[in-house]
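A.B. asks: Here you go, one structure.
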Amino acid sequence: MGRNEELADRARNVLVGNYKQQPIAIERGEGCYLYDAEGRRYLDMIAGIATVSLGHCHPKVVAALEAQSKQLWHASNVVYTLPQIELAERICSSSFAERVFFCNSGAEANEAALKLARRWQRDRGQDRFEIIAFQSSFHGRTLFTVTATGQPKYWEGFEPMVPGVHHAKYGDLASVEALIGPKTAAIIVEPVQGEGGVRPAPKGFLAGLRKLADEHGLVLIFDEVQTGMGRTGPLFAYQRHGVEPDVMTLAKALGNGIPIGAMCTREELARSLVPGTHASTFGGNPLAAACASAVFDELLDGGVLERGQIAGEYLAARLGDMARRLGPEKVVEARGQGLLHGVELLGPAAPVISRCRELGVIVNAAGEKVVRLAPPLIIEHVQIDEAVDVLERAIRES
Ligand SMILES: *Cc1c(COP(=O)(O)O)cnc(C)c1O
């Protein structure tokens, strides 16, 4: 028995079986490469699900973590800590946000956003608590965020769900308007639906939501947990649409793999979360915050954001060529923005993903039939060439 198989066996004996893992154990990562327990190298085209955007063990982030680890690990939010302040300053100076609440994951960031929306409406004397979310969305696995997630398979057995959450059709403003009533508090939307199959918002959709939110006094929440931090080209996806949300949530790539989430908003809304209303023990933890500040500096001053934009255009072109070569009997569509792409197949994605792994490239699925690619923003053209060649071969053989 190989080392990978041995570790998979041990894992199955002690871990809750809620994931469907690839049959390899990853031991080490460097740049765009992962190495398994038998020393085999893989080109990482998913970056820990759109998370390790600077590449594995990026030296600047490692240095930030090492320095902070000798200074202070944790003091909790009963006191102020400098890394958290510095990170919030970076978020506010590079976005619409004026106030930030830190937590540890995407679900927690969205949970905070949804709670804030209800509370803010109540503070204005409005009995508005209903949330409009979208079909095929993904917002997390806490009860509130999984209720917002418009994929009923994730609700099975967990009912009753949180009351007052409705799902409109993504891209369809009329279906949103039809759901707005006197109890509506907020709209939550992904600028690109990630888990739901990598579907970018159609042109004008986010601007239309902004207009509806303004007309009806609703809080507009952009879930940028997956699209933020340069994943779709600009630092935040909302910046390409010319509209600002009232709340933006971040997590995945914010810490390049160290767990951290953020709920970013304007001062006027933030005022509703007075002391005692919401909290997180680890939120804005010095280790995580120091890493995330290093990520901002690399993206903005280290040129990684621009690198990612150039790589994104190249990947889009290569995937488009591939889709044309494979034709409509294999590929429905290749779509995406920046370095977040989905290749929708006619058949299931799982065998293609397994075959890619056998050929040394890691990708994953976003839904049953979509292969998702979300490589580190530092990916080079030759690596993109290799990945697309492997993907094409895997699709042909499927
Ligand atoms: C991954 C994801 C989440 C959930 O993040 P977790 O850190 O897994 O809780 C929420 N929203 C979007 C858009 C995501 O992609």
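Glycine too: its Cβ is placed from the backbone N, Cα and C atoms.
Automatic prediction, not curation, is the source of TrEMBL annotations.
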A.B. asks: Which of Phe138, Phe158 does TrEMBL put in the same pyridoxal 5'-phosphate site as Gly106, Ala107, Asp223, Glu224, Val225, Gln226, Thr281?
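C.D. replies: Record source TrEMBL; matching candidate: Phe138.
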A.B. asks: How many Å separate the two farthest-apart Cα atoms among the pyridoxal 5'-phosphate-binding residues Gly106, Ala107, Phe138, Asp223, Glu224, Val225, Gln226, Thr281?
C.D. replies: 25
A.B. asks: Can you list which of these binding-site residues (Ala107, Val225, Gln226, Thr281) have a Cβ closer than 6 Å to ligand 1?
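C.D. replies: Those binding-site residues that pass the cut-off, since their Cβ is under 6 Å from ligand 1, are Ala107, Val225, Gln226.
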A.B. asks: State the Cα to Cα distance, in Å, between Ser280 (N(2)-acetyl-L-ornithine binding site) and Lys252 (N6-(pyridoxal phosphate)lysine), rounded to an integer.
C.D. replies: 18
A.B. asks: Are there any residues in the same chain, six or more apart in sequence, whose C-beta is under 8 angstroms from the C-beta of Gln226 (pyridoxal 5'-phosphate binding site), and if so which?
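C.D. replies: Gln226 (pyridoxal 5'-phosphate binding site) has long-range Cβ partners Ile49, Ala50, Gly106, Glu190, Val192, Gly194, Glu195, Lys252, Leu340, Ala374.
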